[in-house]
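What TrEMBL annotates here:
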TRANSMEM  12-30  transmembrane segment
DOMAIN    13-217  domain 'Cytochrome b561'
TRANSMEM  51-70  transmembrane segment
TRANSMEM  82-103  transmembrane segment
TRANSMEM  115-142  transmembrane segment
TRANSMEM  154-176  transmembrane segment
TRANSMEM  196-218  transmembrane segment
Amino acid sequence: MGLGVRAAPFTYVAHALAVVAAAMVLYWCIHFRGGLAFEAANKNLIFNVHPVLMLIGFIILGSEAIMVYKVLPTVNHDTTKLIHLILHAIALVLGAVGIYCAFKNHNETGIANLYSLHSWLGIGTISLYGIQWIFGFLAFFFPKAAPNVRKSALPWHALLGIFVYILALATAELGFLEKLTFLQSSGIDKYGPESFLVNFTALVVVLFGASVVVAAVAPARLEEPQGYAPIPEN
Ligand code: HEM
Ligand code: HEM
């Protein structure tokens, strides 16, 4: 896509917004929601691990994995490929642990599982992410497809990768909305500091995701051949 902009400035914005979003979700879960725990008498603390790991572990690490080719454009391609693969694997594992904590909280408090659109999209997202990882690994790392197959698979890998990434962002947005709606229904002030904090965190995540997508689509250098030619006029 000939956007006419370089990826670099968008990666800087993305890094800054990642730090802000991470700080906001931690402040919310620790200061307002009482903290994080894997084992606790207060089962809410087990739930709190879910948004923290889904945002910081799954989405932010996954974003850094996607942007690595643009963040380190001069580093050897085999090295960036390895960083891309490893960061995505860590994101996948932390995402799975985050989902486990949501199930653990539900099971230990007698709440039903998988009743919401958020949870269905969540299972879909993490499954597609896992499939994308396995295909990426087999095609581009080991045993590696033939060069012509790799060449034609790469645009699909990038497109489907961005699709599953946007699905993860949408799932997280629904998660923030759902949790805040539960809290507001059980009495927290709709215009109070916690409501603003959660809504602004979700807005920062939207801006963060947008900058990651532009960084992925824009070229590292403007003089690079652009993959998308304008439609010729008749
Ligand atoms: C891409 C990131 C996310 C994924 C893949 C995801 C996935 C899931 C899944 C699979 C469940 C179902 C657990 C069960 O049925 O026992 C769940 C529950 C839940 N998640 Fe998330 N989640 C994500 C991010 C978030 C975020 C950022 C929040 C914000 C607080 C959140 C809030 C919730 C809530 C309130 C529940 C319990 C209600 C329900 O099952 O819908 N999630 N999540
Ligand atoms: C769920 C996991 C994955 C997702 C979401 C994902 C996503 C992406 C995206 C969005 C791009 C485009 C980046 C850009 O153009 O700047 C990309 C490029 C690439 N990915 Fe993945 N990827 C995943 C796993 C893997 C794995 C396991 C490998 C194995 C090595 C891999 C190898 C590559 C390669 C070789 C490129 C091309 C880099 C270039 O343009 O030179 N990916 N990936």
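Just so you know, glycine gets a Cβ as well, placed from its N, Cα and C.
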### Query
Which sequence positions outside the transmembrane segment (115-142), separated from its termini by at least 6 residues, show Cβ-Cβ distances below 8 Å to it?
58, 62, 81, 85, 88-89, 91-92, 95-96, 99, 102, 149-150, 153-154, 157, 160-161, 164, 167-168, 170-171, 174-175, 178
### Query
In the same chain, who gets a Cβ under 8 Å from the transmembrane segment (196-218) while lying at least 6 residues past its ends?
1, 3, 5-7, 10-11, 13-14, 17-18, 20-21, 24-25, 27-28, 32, 55, 59-60, 63, 66-67, 70, 158, 161-162, 165-166, 169, 172-173, 176-177, 179-180, 183
### Query
To what whole number does the mean pLDDT across the domain 'Cytochrome b561' (13-217) round?
98
